[in-house]
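First the structure, in the form of structure tokens, and then the observations on it.
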Amino acid sequence: MTTLTSDLSLTENITTIIRPPYFYISGFTGIPHMKYYYVFLSLVYIISLMGNTFIMIVIYVDQSLHSPKYIAVLNLAFTDICETTALVPKVLDMFLFGRQFISYDQCLTNLFFVFVFLTMQSFNLTILSYDRLVAICCPLRYHMLVSHRSMFQLTGAAWAFAVFIILILVGFITRLSFCGSVVINSYFCDHYPLFSLAAPCSDVLPNDVMSYLDPVVVLYIPMVFIIASYVCIIHALFTITLPKDRAMKTCTSHLILVAIFYLPINITYIFSSFIPTNIRIINLSLTSVLPPMLNPIIYVLKTEEFKESSKRLLKRVSCTRSLVPWKFLALNSLNFTK
């Protein structure tokens with residue numbers, strides 16, 4: 001399928017812009033038994049969906065978790081659900097059922113949503129880092145600097161900026177002409193493999209600039225801020241009289257989330273020219289689905305406050321279920337006596 005090219009007789013020619021009716025997502029090439037990997041992705045997706053839904057329910061039900069910090073946690077869980085839903089079902093549909101052709105409009109839509117939610121995952125981790133920074137370094141000013149209103153403003157601004165920057169990314173794609181191959185060497189409509197197809201007949205310099213600028217804005221700047229914030233946190237723990245064990249426990253879960261999100265994706269982007277295509281695709285696909293699956297597990301196991309809230313909710317649900325049969329028995333006995 002690598003010889004697929006855009007058929008000029010089927011293209012939509014609008015002011016000399018050639019848009020193919022479809023693209024072909026190549027996915028993995030030359031690797032046997034890949035269906036088992038896609039089944040694995042589907043299991044990871046189900047666990048991620050259930051875990052993040054559980055996180056959202058616990059935060060919504062438990063009044064003690066209605067704090068500014070958990071607005072960001074709720075937003076992270078929601079973003080994880082959206083990101084995996086935008087990616088995994090389409091990947092399974094393409095590669096398990098052999099529907100690897102995707103229309104031009106569907107391709108750009110897929111690119112937009114996957115990148116928006118990926119961007120928001122990074123921004124959410126940055127917001128949580130800011131919350132920990134203020135809580136530990138400026139505890140007396142925490143409720144003034146981190147309020148419900150300020151947290152809603154931060155998350156709202158993050159969503160707006162994520163949509164804005166990805167719209168620019170997609171907008172530059174729409175000005176390109178695709179007169180050569182229509183085979184995208186990735187597992188979804190990835191940005192760089194997509195605009196590279198237009199290089200023979202279009203000026204892809206703006207797209208190339210965005211391909212370097214987007215990781216800087218979305219990954220590197222947030223990561224530098226998170227590292228700097230934890231340098232300040234560590235300094236504060238050694239210079240200010242604080243309960244160190246409790247402070248470190250509140251940061252441990254966030255540090256684990258940061259590590260499993262940023263390390264694999266940054267390694268892939270930095271060494272992309274040296275990594276074979278199949279390894280790059282496997283690494284990026286795992287980076288997209290594993291953090292959303294692990295986030296709920298880490299929060300339940302590592303955050304004492306959330307663990308207690310989860311126990312209370314599960315106990316309440318189990319008590320409710322155990323009372324239901326007795327209610328039916330009581331109603332039946334009343335009807336019988338009547």
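Yeah, the Cβs are placed from backbone N, Cα and C, and that goes for glycine too.
Here the structure is a predicted model, which means the values were calculated and not measured.
Taken from TrEMBL as is:
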| type | residues | note |
| --- | --- | --- |
| DOMAIN | 51-299 | domain 'G-protein coupled receptors family 1 profile' |
| TRANSMEM | 36-61 | transmembrane segment |
| TRANSMEM | 112-130 | transmembrane segment |
| TRANSMEM | 151-173 | transmembrane segment |
| TRANSMEM | 217-242 | transmembrane segment |
| TRANSMEM | 254-275 | transmembrane segment |
| TRANSMEM | 281-301 | transmembrane segment |
| field | Paired segments the transmembrane segment (281-301) and the transmembrane segment (217-242) in contact, 3+ CB pairs under 8 A | value | no
| query | Any chance the transmembrane segment (112-130) and the transmembrane segment (217-242) are in contact, meaning at least three CB pairs closer than 8 A with a sequence separation of 6+? | reply | yes
| Hey, would you say the transmembrane segment (217-242) packs against the transmembrane segment (36-61), going by three or more CB pairs under 8 A that are 6+ residues apart? | no
